[in-house]
Amino acid sequence: MALIGKSERFSADFVMGGAAAIVAKSAAAPIERVKLLLQNQGEMIKTGHLIRPYTGLGNCFTRIYREEGVLSFWRGNQANVIRYFPTQASNFAFKGYFKNLLGCSKEKDGYLKWFAGNVASGSAAGATTSLFLYHLDYARTRLGTDAKECSVNGKRQFKGMIDVYRKTLSSDGIKGLYRGFGVSIVGITLYRGMYFGMYDTIKPIVLVGSLEGNFLASFLLGWSITTSAGVIAYPFDTLRRRMMLTSGQPVKYRNTIHALREILKSEGFYALYRGVTANMLLGVAGAGVLAGYDQLHQIAYKHWVQ
């Protein structure tokens, strides 16, 4: 067991994390597309790719259905699944790797150091994964915000994921695929640190006794953590996606501070939180990933022990 422990554990974490993510993200794809449109409508109106603003969650759902059809709720989902499988699976796997690397133990190092180790391992996992896979998130964002209601020529900007890469590389080069990457690392580090760190820290305190191994309890804990982390990190997500949408446009934000100033000046503070309600609903999918991964983890290691 000692010889195969590390390599098999890394592989199992990778596969189980990705499998849980694919199911949850595909189910939540309609909500995620609504969130992207609400969050980025200011930029879309500015560039002429949206005629009038969405007034809320219900209005956005209605207009997508009426103007684009049911299947359009899954527009960009292919890119999302391609992105999310390696992203989520790598996050779980790298989290375990960094956690073992730091080697913090609650019994040996005390609660505070153990908590800090959990937060650090979650943050490092998110940052490492993003370095390799950010361009896929860019493609997903561009497809998700590509509304049919366009005042430029009445057509969509992109035919599909390959077209996103082709047009972006042609107009902006590799840099265009990584626009907003800097602020993304800050936001992801904050979000993943809370997402993984708090879950790993609170789980052994809350999920004990009759609640140990309980899917509903694990799900509710995961939902509360993903919602809290998502709300805190949301402005960073808005900034990076707004910067993404300027690739291929004649006028771009010079940097994150410039983007923040321009958005606050023209749209106000609330613009940083547009779509946050939909994002909270997406926390249900995130909680499902955490709870599902936890259940798969228990089943797999029980099998290994036997």
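Glycine residues also receive a Cβ, built from the backbone N, Cα and C atoms like all the rest.
Marked as repeat 'Solcar 1' by Swiss-Prot: 8-101. The transmembrane segment annotation in Swiss-Prot covers 10-37, 78-102, 111-131, 181-202, 216-236, 276-296. Feature annotation from Swiss-Prot assigns ADP binding site to Arg83, Lys95, Arg240. Taken from Swiss-Prot, the feature repeat 'Solcar 2' covers 113-205. If you look up Swiss-Prot, you'll see 213-299 marked as repeat 'Solcar 3'. Residues or ranges marked as motif 'Nucleotide carrier signature motif' by Swiss-Prot on the basis of similarity to another entry: 240-245.
Taking all protein chains in view, 23 other C-beta atoms sit within 10 angstroms of the C-beta of Arg83 (ADP binding site). For the repeat 'Solcar 1' (8-101), the mean pLDDT of the prediction comes to 83. Distant neighbours of the transmembrane segment (111-131): 86-87, 90-99, 101-105, 137, 181, 184-185, 188-198, 200-201; these residues of the same chain sit at least 6 beyond its ends, with a Cβ under 8 Å from one of its Cβ atoms. Our reading of the ADP binding annotation (Arg83, Lys95, Arg240) yields a largest Cα to Cα distance of 23 angstrom. Proximity of Lys95 (ADP binding site) to non-local residues of its own chain (separation of 6 or more, Cβ distance below 8 Å) is seen for Ser121, Gly122, Ala124, Ala125, Phe196, given in sequence order.
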